[in-house]
Amino acid sequence: MGNCFAKNHGLMKPQQNGNTTRSVEVGVTNQDPPSYTPQARTTQQPEKPGSVNSQPPPWRAAAAAPGLSPKTTTKSNSILENAFEDVKLFYTLGKELGRGQFGVTYLCTENSTGKKYACKSISKKKLVTKADKDDMRREIQIMQHLSGQPNIVEFKGAYEDEKAVNLVMELCAGGELFDRIIAKGHYTERAAASVCRQIVNVVKICHFMGVLHRDLKPENFLLSSKDEKALIKATDFGLSVFIEEGKVYRDIVGSAYYVAPEVLRRRYGKEVDIWSAGIILYILLSGVPPFWAETEKGIFDAILEGHIDFESQPWPSISSSAKDLVRRMLTADPKRRISAADVLQHPWLREGGEASDKPIDSAVLSRMKQFRAMNKLKKLALKVIAENIDTEEIQGLKAMFANIDTDNSGTITYEELKEGLAKLGSKLTEAEVKQLMDAADVDGNGSIDYIEFITATMHRHRLESNENLYKAFQHFDKDSSGYITIDELESALKEYGMGDDATIKEVLSDVDSDNDGRINYEEFCAMMRSGNPQQQQPRLF
């Protein structure tokens with residue numbers, strides 16, 4: 001399951017390897033971008049094209065996995081509208097692979113064969129609205145429909161019990177696409193072409209099989225194994241829909257950096273997937289997205305303006321053929337935008353084509369690291385500031401929290417948030433309230449605690465005042481040495497469950513501008529206040 005940003009006001013969680021999140025990278029500001037107006041999220045019906053409509057929905061078959069007991073009956077709170085079934089009857093769950101807003105992904109072993117798979121366990125507490133439940137069923141339907149195709153994760157089946165919907169699928173043990181590129185330490189146009197070819201192949205397969213993806217981004221691609229020549233696999237179809245011939249789509253969904261201009265204008269078709277793939281190619285070649293700003297509004301403005309930078313480094317050293325393909329994929333007019341089939345035949349992209357084997361500037365890898373990892377430390381620092389902020393500074397927010405937390409439990413539930421927003425005069429739909437809930441719920445436990453609420457609602461300039469930044473710095477600087485060492489950073493990040501060893505080292509490397517192996521106060525403040533591709537988080541209210 002995932003989020004769209006029909007109107008997203010909240011603090012977003014970082015994308016993690018193997019998780020179930022599909023968050024918008026940055027949230028909506030208090031002003032809406034031009035050329036579009038917020039509206040309630042609408043969900044396309046999971047109708048299959050062609051004669052397939054005469055068959056039972058694939059998700060029914062997926063839910064009715066081998067071993068289903070004929071004595072079990074469908075429960076009233078069923079999401080899949082089928083009998084409950086314990087996934088542990090067929091699979092042994094192992095270690096946690098990733099955690100996201102909607103649940104946890106585990107390594108699992110099939111009891112009958114001993115084969116390893118991934119099990120994405122999605123908490124039913126997170127599936128609150130009718131739209132959530134429809135989306136869940138549609139995601140299963142689409143995954144089963146596409147399963148078995150190259151570069152698309154193989155889907156095994158869906159199992160629902162009282163607490164969760166469990167999706168069992170192919171284990172992609174090679175990790176995230178960008179992690180592999182960064183770890184190699186060197187990179188060529190030919191390597192970028194190989195990656196892009198597989199991503200566009202996913203687009204071609206989806207469109208051929210009647211599916212519009214709508215959320216192509218690097219985080220949604222994993223590597224099938226740790227092998228050097230491992231296939232890239234698309235793993236997330238939570239925002240995908242079946243294409244209806246002649247239908248004009250109007251939902252604003254996706255992730256900010258990768259959204260096509262026609263999505264913002266609420267009139268689009270399958271061409272949006274080519275645009276998103278073009279954004280990924282631009283990042284592969286340069287290390288940064290072509291459109292970014294301090295706010296989501298700024299990103300949208302840049303997308304609608306349409307200026308693409310081919311002058312800054314490393315573009316002067318990138319081949320003209322590569323730039324030609326990027327331009328064709330990022331053509332603003334969807335009618336003139338290149339098709340998936342034509343992308344695959346482009347001289348630069350096709351196998352054995354013009355893409356050079358000459359290494360791309362190492363700065364590109366550095367930028368990719370920043371693009372992927374920087375926000376984790378910023379987010380943790382903001383949480384630390386919120387935990388230690390003076391009570392008098394947040395008296396109003398404290399009262400607001402108490403008013404919304406009607407049962408005095410110390411946490412805000414979905415229902416409490418919905419009622420609280422209504423009292424404040426909000427006219428958000430249930431789906432939009434749910435998005436706010438997911439955005440502010442940093443630890444993913446289904447409710448917003450006091451610190452999460454303060455972090456999401458305080459004005460950012462107050463959180464980032466000199467006094468508060470210094471308090472946060474002191475929190476990390478445990479030995480009061482005036483520096484945050486790698487050990488202190490590792491301890492802090494792991495305390496909050498954020499980041500593996502590789503990410504910790506990447507964060508230190510990105511922030512440590514004088515390369516002395518530690519972070520001083522000036523470097524810390526510069527990191528907190530600088531504009532970078534992982535943007536600052538907006539307010540909940």
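In case you wondered, yes, glycine gets a Cβ from its N, Cα and C as well.
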To which of the residue ranges 138-168, 200-230, 355-385 does Swiss-Prot assign the term region 'Autoinhibitory domain'? 355-385
Through the lens of DSSP with three states only, how would you label Glu452 (Ca(2+) 2 binding site)? helix
Which residue, of the binding-site residues Asp441, Glu488, Asp516, has its CB surrounded by the fewest other CB atoms within 10 A? Asp516
List, in sequence order, the residues of the same chain other than Asp477, Asp479, Ser481, Tyr483, Glu488 whose Cβ lies within 8 Å of the centroid of the Cβ atoms of the recorded Ca(2+) 3 site. Phe476, Lys478, Ser480, Gly482, Ile484, Thr485, Arg518
Listed in sequence order, residues with CB under 8 A of Glu523 (Ca(2+) 4 binding site) and six or more positions away: Val511, Asp512, Ser513, Asp514
Smallest Cα-Cα separation from Asp479 (Ca(2+) 3 binding site) among the binding-site residues Asn445, Ser447, Asp516, Arg518 is shown by Arg518
Cβ within 8 Å of the mean position of the Cβ atoms of Asp512, Asp514, Asp516, Arg518, Glu523: remaining residues of the chain near Ca(2+) 4: Tyr483, Val511, Ser513, Asn515, Gly517, Ile519, Asn520
